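Trainee: Have a look at this one.
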Amino acid sequence: MSNLKDKAIFSLLWKGGEKFISQIITLVISIVLARLLGPEEYGLIALTTVFISFGFVFVDCGLGTALVQKKEVTNSDMNTIMICNIVIGVILYGIVFIAAPFIGMFYNENRVVPILRVLSLAFVLGAISAIFIAKLSREFKFKQIAVANILANTVAGILGILAAFYGFGAWALVIQQFAIRLLVCIFLGVQSEFKFIFTFSKKAAAEMLSFAWKITFSRFISNAYFQLRSLIIGKMYSPVDLAYFNKGEQFPAVINTSTDYALQQVMLTVYAKEQSDSVKLKAMMRRSMKLSSFFFFPIMIGLSAVSKNVVLILLGEKWAPSIPFMQLCCLVYVFYPIGTANVQAINAMGRSDITLKTELYTRIVSSALIIVSAFIGLYQLAASAVIASFIETIIRATPNKKLLNYTYREQIKDIAPQLLCAAIMGILVFTLGYLPVNIYVQLLVQLVVGVSFYMLLSICMKNDNVEYLLEILKNIRKK
């Protein structure tokens, strides 16, 4: 158990560190690109993202997750799933290639057709990469995954900036996105040392497909919900409005992706090792929820409080309309780690059927809120996502009341101290935004005071996460 605990901690650090660094690199590159390109170019790419993201649900999730969840995996299993994934990637590319002109007609924008056809080539690359990631994850080789992603994001970002500088317009963003997938596939292939042999097991395929299709479908539903907003904004409003919305969402999404993806990868791997012991699984889940909320709550609430200064300083006045979207999107993501912990515990026990049902319930409610609010106004649509996020968290926590005897009361008790400290800190930081000084000084004061105040308040309230983290640091120093 202690060895598994150590692996979990260091794996989480590597995954969290990798996603954080990768996303920071992406964010810095995005800031440079936002200075070189305008909302129109970003809006054009945002229209295609709606459809490209659907395809990656199938190649990034499903079967790769099934490989991680399975207790014993043979070379035949790996080769079988590789073949399945490549076939899926090719089929998806064919679908998008044929559908591209019709998508262009839907938006009354023919420029999306060639962009869609180029970006969808990455489906095959993503399908292959998913197997490399699954193999490395099973071996707890998250460091190798981290290095591959960081290198790919850096090189692809530089290519995108050069393309934008030389006047490629929206195609600079296409080059960047495609290069990331290509380089990740190459780097992970080298790191995983996976040797493909053309062998196919119908039994293995059927076994893992029975698990994977539920995971894939549930994530497809989740993705459909997120892309529904983009689809509605792009159709009912304008690509420029969509660019403002997406840019406002980008900053909190970077943080969410950094932490949530790491939590998903590591939690599933670690939880699966204890899937037969509900007591140990519950204990691990409680600790992960406490720890993730300790970091995530103050970051998201704090970012919401400093959104105005962040946008004006990093992106400039031309992106000012994205400020309210950033403030609201930060609140949307606040409870995501809680939902992730609950869902991954369910998946680790092999109950992907429950995950599917849960996802259906959450998305039906959330989609209804979005559709209704879209007819009221753009800001109301964004605000409805905050309400939807809270409802989703409650629904995802429900199954574990029975599966792990982890009640609502216990979950609230585990996250309440962090939420209270973060909320008080957020109010203070937001108030500091009215200081009669320039925005650079304002932001600096907000950051320093926010971090210091949150830590001091946590110590004064005797938050057990502080003691737990200090214990981890002591163990690291001893080693």
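Cβ atoms here come from the backbone N, Cα and C positions, even for glycine.
In case it's useful when we look at the structure, here is the feature table from TrEMBL:
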TRANSMEM  20-38  transmembrane segment
TRANSMEM  44-68  transmembrane segment
TRANSMEM  80-103  transmembrane segment
TRANSMEM  115-134  transmembrane segment
TRANSMEM  146-172  transmembrane segment
TRANSMEM  178-198  transmembrane segment
TRANSMEM  294-316  transmembrane segment
TRANSMEM  322-339  transmembrane segment
TRANSMEM  360-376  transmembrane segment
TRANSMEM  419-437  transmembrane segment
TRANSMEM  443-461  transmembrane segment
Trainee: Given the transmembrane segment (178-198), which of the listed stretches 20-38, 115-134, 146-172, 322-339, 419-437 has the most Cβ pairs that are under 8 Å apart from it?
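Mentor: It is 115-134, which has the most Cβ pairs under 8 Å.
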Trainee: Top stretch among 20-38, 44-68, 115-134, 419-437 for CB pairs under 8 A with the transmembrane segment (146-172)?
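Mentor: By Cβ pairs under 8 Å, 20-38 leads among 20-38, 44-68, 115-134, 419-437.
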Trainee: Do the transmembrane segment (294-316) and the transmembrane segment (44-68) come close, with at least three CB pairs under 8 A (pairs 6 or more apart in sequence)?
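Mentor: The transmembrane segment (44-68) and the transmembrane segment (294-316): touching, no.
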Trainee: How about the transmembrane segment (44-68) and the transmembrane segment (20-38): at least 3 CB pairs under 8 Å, pairs 6 or more apart in sequence, or not?
Mentor: no
Trainee: When you scan the chain for residues with a C-beta under 8 Å from the transmembrane segment (419-437), skipping those not six or more beyond its ends, what do you find?
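Mentor: Residues 293, 297-298, 300-302, 304-306, 308-309, 445-446, 449-450, 453-454, 457-458, 461, 463 contact the transmembrane segment (419-437) from elsewhere in the chain.
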Trainee: By Cβ distance under 8 Å, which residues at least 6 away from the ends of the transmembrane segment (115-134) in the same chain are close to it?
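Mentor: Result: 44-45, 48, 51-52, 55-56, 59-61, 63-65, 67-68, 78, 81-82, 85-86, 88-90, 92-93, 96-97, 99-100, 103, 145, 170-171, 174, 177-178, 181-182, 184-185, 188-189, 191-192, 194.
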Trainee: Within the same chain, where does the transmembrane segment (80-103) have neighbours whose Cβ lies under 8 angstroms from its own Cβ atoms, ignoring anything closer than 6 residues to its ends? I mean 6 or more beyond.
Mentor: 48, 51-52, 55, 58-59, 63-64, 66-67, 112-114, 116-117, 120-121, 123-128, 130-131, 134, 194, 196, 198-201, 204-205, 208-209
